[in-house]
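Feature annotation from Swiss-Prot assigns topological domain 'Cytoplasmic' to 1-182, 247-253, 307-318, 401-655. The region 'Interaction with KCNIP1' annotation in Swiss-Prot covers 70-78 and is backed by experimental evidence. As annotated by Swiss-Prot, phosphoserine applies to Ser153, Ser569, Ser585, with the evidence given as similarity to another entry. The feature transmembrane segment is assigned by Swiss-Prot to 183-204, 224-246, 254-277, 284-306, 319-343, 378-400, with experimental evidence given as support. Residues or ranges marked as phosphothreonine by Swiss-Prot on the basis of similarity to another entry: Thr459. What Swiss-Prot lists as compositional bias 'Polar residues' is 525-548, 637-647.
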Amino acid sequence: MAAGVAAWLPFARAAAIGWMPVANCPMPLAPADKNKRQDELIVLNVSGRRFQTWRTTLERYPDTLLGSTEKEFFFNEDTKEYFFDRDPEVFRCVLNFYRTGKLHYPRYECISAYDDELAFYGILPEIIGDCCYEEYKDRKRENAERLMDDNDSENNQESMPSLSFRQTMWRAFENPHTSTLALVFYYVTGFFIAVSVITNVVETVPCGTVPGSKELPCGERYSVAFFCLDTACVMIFTVEYLLRLFAAPSRYRFIRSVMSIIDVVAIMPYYIGLVMTNNEDVSGAFVTLRVFRVFRIFKFSRHSQGLRILGYTLKSCASELGFLLFSLTMAIIIFATVMFYAEKGSSASKFTSIPASFWYTIVTMTTLGYGDMVPKTIAGKIFGSICSLSGVLVIALPVPVIVSNFSRIYHQNQRADKRRAQKKARLARIRVAKTGSSNAYLHSKRNGLLNEALELTGTPEEEHMGKTTSLIESQHHHLLHCLEKTTGLSYLVDDPLLSVRTSTIKNHEFIDEQMFEQNCMESSMQNYPSTRSPSLSSHPGLTTTCCSRRSKKTTHLPNSNLPATRLRSMQELSTIHIQGSEQPSLTTSRSSLNLKADDGLRPNCKTSQITTAIISIPTPPALTPEGESRPPPASPGPNTNIPSIASNVVKVSAL
């Protein structure tokens, strides 16, 4: 049929062309292909990187962002392109998905960022190709475990103040590093576990002979000493078990746990031996029961992270271990049967039955080869060789899976420990930096006041006290200094050199600046006496600085007559009005604080021009009843006491 169409079609076209000269009207135009007209080349701009593709390529998946009309919201009319402020590296994989229909996961990308990009473009991660899906799931699981560990640690730290006594005890047992007492108990129990295991081993060692009897082990020759050691160990284990049982969140689940069973098995032989009689039959059963004391070694799993990781590995590899056991059982039965019939005709053969051949098959498949049972016939030797080779294959196949799981769990624990250590170190560095920054600023401020005093007195230690710090630290100190001058409050911590004591003020707070400078001046004059001037208050330039927002003006609080409920909701600095002595008042917007001063109005430490900062700090009354307003604060002066200083406090971070 196709050959026939191909044969007559050229003739039909030639006939149509031949009739055109005698046609009365032009030939109709061919119908336009709508799909071809709509298939235009579009440009996708992703964070400056331009991608080009066909529109029909994107419309293959209309349920996604690029395949639907929602992408028109991102169309830029000026550049005639679609702009997306997203990651261009991940978009390359997204665009390849539209082209090929296969979504791949780049191993160098963060799993959380990759999921966010897929969610933005409306692509489900379940359609990732088989070549990358396992890698994606592993990274997803590791990230989920990491986030879970972080959330657990944060929740534990946040819920610490509200823990009950039982919860505190259980937390101390599970994490001994939470307190010193828990850490001491942790090491004491570990020491007695080691003593118990060593005692159980040493008591079987021969310790010489007694006249008229055979050689005695150390456990019988020094029975009192070993009994005392065993009693001390069992008492410690019993107390630990009872405390854990008392502090357990769910006692039923604790009793059913593996570690609880190990604890009971480790201490029960001692108590059973105390109530047993000297009957030989009962004593034989007691000797058999004493074998369970060796299970005390499993108590080390609480003290060893490696043993816990091994337990988690065996638990996670239960299916692989089950497959290994099933394969070995099948191979043992098959080769034991073959070896029995192969050696059946041999004289003095040790393969007397199929169960007796199990021993040879197990030893051969595990490549031990004790040599107590060996085949005599040619067929037996051939099947024995096949049994040995098959054992190597059966055992070696699940081993890499177990090793990979152990490595994965081990590295997860290592990363979790490293994250916790880094978080603890980061918090410690932040605390040290905050303290150091605060102390450095106060030290530089005190040195600045002392330098001004030494400049007037002419003390030769001016050069020593005028040391400069780094540029960043100087800018930080200048920022805090300007904040002090703007708000009219002073940054203060407990300082033994100052006569002002901050017993009623918390550390790292802003208090009245005039009181702070006055005490600094008094302290500086006490430490550096001068005969030139008994008082520094007569010098006008002593208390002036390079900042134009210098002096303070006492005004009544504009919101002091508001109700107490209104005052409670206004806890922050409301407005800062900056006024010059001869300049018009500025606006209260934020930009007014960043205006650059004119050259003619450049602040001068020697001039008397002063900028007044009026501060409105509505604070709720602390000691007045509801509905009463606090009276306006008094003007700060030399006689201002500490309670008046602490009345208006603005807390500012040292960093």
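Just so it is clear, glycine is given a Cβ too, placed from its N, Cα and C backbone atoms.
Over the topological domain 'Cytoplasmic' (401-655) the predicted model carries a mean pLDDT of 52. Note on the topological domain 'Cytoplasmic' (247-253): DSSP counts are 4 helix, 0 strand, 3 coil. The stretch in closest packing with the transmembrane segment (319-343), judged by the count of Cβ pairs under 8 Å and taken from 183-204, 224-246, 254-277, 378-400, is 378-400. For the topological domain 'Cytoplasmic' (307-318), residue counts in helix, strand and coil come to 11 helix, 0 strand, 1 coil, using DSSP. Beyond its flanks by at least six residues, the transmembrane segment (378-400) meets 317, 320-321, 323-324, 327-328, 331, 335, 338-339, 342-343, 346, 351, 360-361, 364-367 of its own chain at Cβ-Cβ distances under 8 Å. Residues in the region 'Interaction with KCNIP1' (70-78) partition by DSSP class (helix H, G, I; strand E, B; coil) as 5 helix, 2 strand, 2 coil. Note on the transmembrane segment (224-246): residues 166, 169-170, 173, 185, 188-189, 192-193, 195-196, 199, 203, 218, 254-255, 260, 263-264, 266-267, 270-271, 296, 299 of its chain, located 6 or more positions outside it, place their CB under 8 angstroms from a CB of the stretch.
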